[in-house]
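Beneath this line is the structure, given in structure tokens, with notes to follow.
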Amino acid sequence: MTLPASPPRYAVIGNPIAHSRSPQIHAMFSAQTGRPLRYERLLAPVDGFLPTVQAFRESGGLGLNVTVPFKLEAYALAEARLSERARLAGAVNTLSWRDGAWHGCNTDGVGLVNDLLRLGVALAGARVLLVGAGGAARGVLQPLAAAGCARIHIVNRTAARAAELAAAWRAAAPRTGTQVSAGALAQAAEPGGWDVAINATASSLQDAAPDLPGGLYAPDALAYDMMYGARPTAFMRQAEADGAARCADGLGMLVGQAAESFHIWHGVRPDPGPVLLALRTELLAAG
């Protein structure tokens, strides 16, 4: 009697990792597409990323989502086999085992752009304010530029970090029609206002908003926080008080980046909509 083959194995690796919704998301994608898989949380010691990945691979693992604090180590692991998105992001959140080696991609920015499009944002020609200059901000620059944004202005509490990110982007990125500039938080204002403002800081985790000036938003502008929760984040509340027509949190970005990872691994593009609705309903019920 032939035993049934085990489903392919995937995981999300991080530290901490118990909070991750990735297993739930990928289980729903699996049910939706009919692609069986085993997906789990993988807690790695802070100084033990590579041994944990090696053990996962030796047990038959085929793909990893990578979260804090290992995205730079994942980049180094796959440095010879990076997608253009990962190279420009300087970080990897998706590892795929192919042809005897790990390949790295970054799906965070695609998840953001797809969610902005879902929300009805016209990114072609848009003026975008990007708050924060860390890895989350760097990871979304290329997809925003590829979507046709006319201008991306990076602001940060430490203005020099914003300037460094803008300069690094201009040096490394392919020529696009997107103007990338930088400044301090106090230099966030723009005549006529921004079409989209994106909070790429973790300030909302402390229920705080970045120290931004008022008058930031153009008519019908969207304020988007990469963080998410059962209630509007501090950044969303700040934006609404400043006149933003619409506000959204990052739950759709989370589901969108997972959908892109699923597509990379399985060659099938799942529908994020039902999964996003299920997670939102669960969040609201818990909140």
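Cβ atoms are placed via backbone N, Cα and C, with glycine included.
Secondary structure at TYR228 (shikimate binding site), taken from DSSP and collapsed to helix, strand or coil, is coil. The shikimate binding site annotation in Swiss-Prot covers SER20, ARG21, SER22, THR67, ASN93, ASP108, TYR228, and the record cites sequence analysis as its basis.
The active site, proton acceptor annotation in Swiss-Prot covers LYS71. Secondary structure from DSSP puts LYS71 (active site, proton acceptor) in a helix.
Counting only same-chain residues six or more apart in sequence, the Cβ atoms lying under 8 angstroms from the Cβ of THR158 (NADP(+) binding site) belong to ALA133. Taken residue by residue with DSSP, THR158 (NADP(+) binding site) is part of neither helix nor strand, so it is coil. Under the heading NADP(+) binding site, Swiss-Prot lists GLU84, GLY132, ALA133, GLY134, GLY135, ALA136, ASN156, ARG157, THR158, ALA159, ALA160, ARG161, MET226, GLY250.
Recorded residues ASN156 (NADP(+) binding site) and ASN93 (shikimate binding site) have their alpha carbons 23 Å apart, per Cα-Cα distance. Of all the binding-site residues listed here (SER22, ASN93, ASN156), the one with the fewest other CB atoms within 10 A of its own CB is SER22. Put plainly, the binding-site residues ARG21, GLU84, ALA133, TYR228 were compared by Cβ crowding within 10 Å, and the winner is ALA133.
Close to ALA160 (NADP(+) binding site), meaning Cα to Cα within 10 A, are none of the recorded positions out of SER20, ARG21, THR67, LYS71, ASN93, TYR228.
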